[in-house]
Amino acid sequence: FGQIKVDVCGYPLSIFFIVVNEFCERFSYYGMRAVLVLYFRYFLKWDDDLATSIYHTFIALCYLTPILGAIVADSWLGKFKTIVYLSIVYTVGQVVMAVSAIHDITDTDRDGTPDNMTFHVAMSMLGLFLIALGTGGIKPCVAAFGGDQFEDHQEKQRSTFFSIFYLSINAGSLLSTVITPILRAQECGIHSQQKCYPLAFGVPAALMVVALIVFIMGSGMYNKTAPKGNIMLEVCKCIGFAIKNRFRHRSKKFPKREHWMDWADEKYDKLLVAQVKMVLKVLFLYIPLPMFWTLFDQQGSRWTLQATTMDGNFGILIVQPDQMQVSSTLFCFNCDVFLQQTLPKLPKGVAGQVKFLNLNNAPLTVTIDGTTDVSVPAHQVNTGDYLTFDKPVRVMFNKNTSATHELTLKPQTRHTALVSPNLAMELVSLPLYLLILTFVNGLGSVLNVTLGVGDIAPLSVSNYSLVPQGKAEFTIMNRGGASCLYSIELGFGSAFTLVIPTTFNIVSPDCWQAIQVVEDVKPNTIHMGWQIPQYFLMTAGEVVFSVTGLEFSYSQAPSNMKSVLQAGWLFTVAVGNIIVLIVAEAAQLPDQWAEYILFASLLVVVCIVFAVMSYFYTYTDPAEIEAEFKQPEHEPEEKKRDSVEMESKDLDCSKDSDKNKRDSVVEQQNQEVKQSKM
């Protein structure tokens, strides 16, 4: 391969290119992932459940595609070419993701809101698919490729490499999780200034370009192990034949064999059978592991959404909800907590809550299901608490049967029902955002409101506007150019509806006093700092879990199946995210804290099971086991167990005719084993 061997302080120089590449790639991945759920929530306007579901579907796909990457690397392209080609796909995906977040592309009316959301959703899904294919495809290759750079006598250096490799992952994650939320919080745009998701996705795309270039720069120094053939297919065929052969010889007249995979000896050489045994032994130990990732990966979904309902004011700085993920890497290098914060949310088991906002000049009577009457003053909401309904109800306004509407509330969400002068009703849901303002225009003419609110049609409601914490000032203007300055003090996590009544006189010096304020959600009172302990505890477990997992997977992998076993390790992450989807969608728990307790309890049970399995696990030396099958073919081949009489002499003859071919395959594999150790 024309390899240029250069050592620095006892380490191959080639690993430094690999470590830098991993740092840039992890910056790209975690930077994009840090803002992803908020992108779903605020840019694509998805609700919490859909945003969480798509987020974990993406993460699961990222850890399913390593199987494809392992097959391609081990049987076709080799690790180096696989990393290069799929990194190109990865980079394209990041660029597509950045383009999908540019609201000006479809904002034809220049009001700051995309007019063709289908385009943005389609581009986002395409970008995420390419990213999942790229990051997942290279994931089982990079760590194993780094391990291949060491020789047999460098076991200590290889172990140190895996620790440095994991440190580079955390360094990239740390910086990106701090930087990309800051970039997202900026405002950018051509025609209107909105949250800068294109920049938050664009910088990770640029880092992926750097990662690709750096990796290619070290090409001449790498030990590029040749692919071993379609090993994944061979493994599956070997396992399938062993099961089939064992079933065919299930009669008691056939003697038992030491391992059920020994039933594949009649067709497959002993080296391959021994290697499959080693792989299956480790994969069996992986069975309980997905539960850890079920908790761990909720940092980017449930925990980030939880942070949006908390106070991020740390005095000297305002922390963004997606920046709380930095705690994981800041502690080094998160914890599905048993503690559920006491947030100003809805009561337990509530289906939904609503208040009626009367846009009429006269009081309004709301009759609910023909029994309960609620009085609503003109241009105000009904007094008292929110009305709570756990099923659809019928509402009638002013005893007018022609003004009857069916009211269905979204679970765990507060709503405002806007009632216009013609007794039409518009239901506005008010989920717990960071800071929300909604304007209701009760006038008969169009008004324009600054700070990204835009034009509000007569007798209608504006879109939600996210505004910074503290004092916010709005300028309200009519088509004639007259304006009114209005200011309001906003607490973190609060939501307000500002009603501009029909009595509003825009030219009056005291025009701002006519605007009526409805506090839909009180400011957050629980501080984000309460999330720090849960991140610390989860990180403490993850450090031990991931570092040892990487090294364990490599050390227990046969020489030609290292990427396959790495893919098996990463597959546990995919299963963990799938578990989140199943529990979140199927369990339908009424309270979030109950879901947290469920996940934590499941992990406790799994820890006990894993401890028992680990106690009975015995380490193997793949090189030593493979060496047993390197003996010359002229040595005795008598089996220590009783031979099994096959079903026909024709099959025996067929086996004899294939003997020489199998012998050459064994010898070829032996040579490749030696080469992989170079």
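Backbone N, Cα and C define each Cβ position, glycine as well.
Unlike curated records, TrEMBL annotations are generated automatically.
Outside the transmembrane segment (56-77), and at least 6 residues removed from its termini, the chain residues within Cβ reach (under 8 Å) are 33, 36, 85-86, 128-129, 131-133, 135-141, 227-233, 297, 300-301, 560-561, 563-564, 566-567, 570-575, 577-578, 580-581, 584. Summarising the annotation, TrEMBL assigns transmembrane segment to 56-77 (among others).
Residues or ranges marked as transmembrane segment in TrEMBL: 83-105 (among others). Outside the transmembrane segment (83-105), and at least 6 residues removed from its termini, the chain residues within Cβ reach (under 8 Å) are 25, 28, 32, 39, 43, 69, 77, 112-114, 119-120, 123-124, 126-135, 137-138, 141-142, 145, 189-192, 194, 197-198, 200-202, 204-205, 208-209, 211-212, 215-216.
Positions annotated as transmembrane segment by TrEMBL: 117-138 (among others).
Summarising the annotation, TrEMBL assigns transmembrane segment to 164-184 (among others).
Among the features that TrEMBL reports, transmembrane segment is placed at 196-218 (among others).
Sequence annotations record features per position, and here TrEMBL assigns transmembrane segment to 278-296 (among others). Residues 235, 239, 261, 334-336, 538, 541-542, 545, 549, 552-553, 556-558, 561, 564-565, 568-569, 571-573, 575-580, 583, 599-600, 602-603, 606-607, 609-610, 613-614, 617, 620, 622, 625 of the same chain lie 6 or more positions beyond the ends of the transmembrane segment (278-296) yet place their CB under 8 Å from a CB of it.
Residues or ranges marked as transmembrane segment by TrEMBL: 432-453 (among others).
Residues or ranges marked as transmembrane segment in TrEMBL: 564-584 (among others). Same-chain residues lying 6 or more positions outside the transmembrane segment (564-584) and placing a CB less than 8 Å from one of its CB atoms are 49, 52-53, 56-57, 59-64, 66-67, 69-71, 74, 136, 139-141, 143-144, 231-232, 235, 279, 282-283, 286, 289-294, 296-298, 301, 549-550, 553-554, 556-558, 595, 598-599.
Feature annotation from TrEMBL assigns transmembrane segment to 596-617 (among others).
What TrEMBL records for 628-665 is compositional bias 'Basic and acidic residues'.
Taken from TrEMBL, the feature region 'Disordered' applies to 628-678.
The annotation compositional bias 'Polar residues' is assigned in TrEMBL to 666-678.
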